[in-house]
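Participant: Positions annotated as active site, proton donor by TrEMBL: His112. Taken from TrEMBL, the feature N(1)-(5-phospho-beta-D-ribosyl)glycinamide binding site covers Gly14, Ser15, Asn16. Under the heading (6R)-10-formyltetrahydrofolate binding site, TrEMBL lists Arg68, Leu93, Arg94, Leu95, Leu96, Asn110. Residues or ranges marked as domain 'Formyl transferase N-terminal' by TrEMBL: 5-185. What TrEMBL records for Asp148 is site 'Raises pKa of active site His'.
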Amino acid sequence: MTKRRVAILISGRGSNMAALIQAANAPDFPAEIVLVMSNIAGAGGLESARAAGIETATIESKPFGRDREAFERAMQDELLKHKIDLVCLAGFLRLLTPWFVQQWDGRMINIHPALLPSYRGLHTHERALADGVKIHGATVHFVIPDVDAGPIIVQGAVTVHDNDTAETLGARVLQVEHRIYPQALRMVASGQASIHGGVCKSTTATASEKTLISPSF
Ligand code: GRF
């Protein structure tokens, strides 16, 4: 099996990155993490990536100011240098231009802390609580030029408790993120997930019949 070469792009603590690195340690995992790249110098995740023996790169976005494409061209050079096949965004806090997204069309995935298409954008847990939804979760999706949109690969749901705060709810969702991101990468890297008519279908996964009802008595 030739493993797909993966770069993870981060801006912060990198807990999803760590989950991907750990999953990719399994011999049968169809992808290897060869590069972790950050747009923020000193992002916490860089340290843990290095501790895991993964090569890191920092390309600060700030000096590029509004010239997003120049920043992305610098990232692109680094990605090409490492012969990257797939890009995983994991808490990467930069909007991407259509140019960059096009370079990685069908080969770049992102994790978002909400059940898309609900709660695109920021502060997803606060907004879910304000709406009083009873089920919330996380989504891994292919990246398209629109932010927090694109064919959905995997979703994971959690119940919302009456006494939840954004922190407690966010922590519950994060646990799910750490499960679904490795699963989604496995599906994409092995070719089990593919896009048909703008929608992602899985060739092998069998849908579970489990139902989540919230609240339940
Ligand atoms: C996660 O909640 C992810 O869904 C969002 O940014 C956060 C990153 O957290 N895109 P971490 O750096 O992976 O811990």
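Glycine is no exception: its Cβ is also placed from the backbone N, Cα and C atoms.
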Participant: Any idea what the Cα distance is from Leu93 ((6R)-10-formyltetrahydrofolate binding site) over to Gly14 (N(1)-(5-phospho-beta-D-ribosyl)glycinamide binding site), rounded to a whole Å?
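Facilitator: With the alpha carbons as reference points, the distance is 12 Å.
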Participant: For ligand 1, pick out the recorded positions Ser15, Arg68, Leu95, Asn110, Asp148 that have a CB under 6 angstroms away from one of its atoms.
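Facilitator: Close enough to ligand 1 are Ser15.
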Participant: For Asn16 (N(1)-(5-phospho-beta-D-ribosyl)glycinamide binding site), what is the secondary structure by DSSP, using just helix, strand and coil?
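Facilitator: DSSP call for Asn16 (N(1)-(5-phospho-beta-D-ribosyl)glycinamide binding site): helix.
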Participant: Would you find the one among the binding-site residues Leu95, Leu96 whose Cβ has the most company, meaning other Cβ atoms within 10 Å?
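Facilitator: Counting every other Cβ within 10 Å of each candidate, the maximum falls on Leu96.
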Participant: Can you name every residue in this chain, apart from Gly14, Ser15, Asn16, with its Cβ inside 8 Å of the center of the Cβ atoms of the recorded N(1)-(5-phospho-beta-D-ribosyl)glycinamide site?
Facilitator: Ile10, Gly12, Arg13, Met17, Ala18, Ala19, Leu20, Gly45, Ala90, Gly91, His178
Participant: Just give me the nearest neighbour of the residue listed as 'active site, proton donor' among the binding-site residues Gly14, Asn16, Arg94, Leu95, Cα to Cα.
Facilitator: Asn16
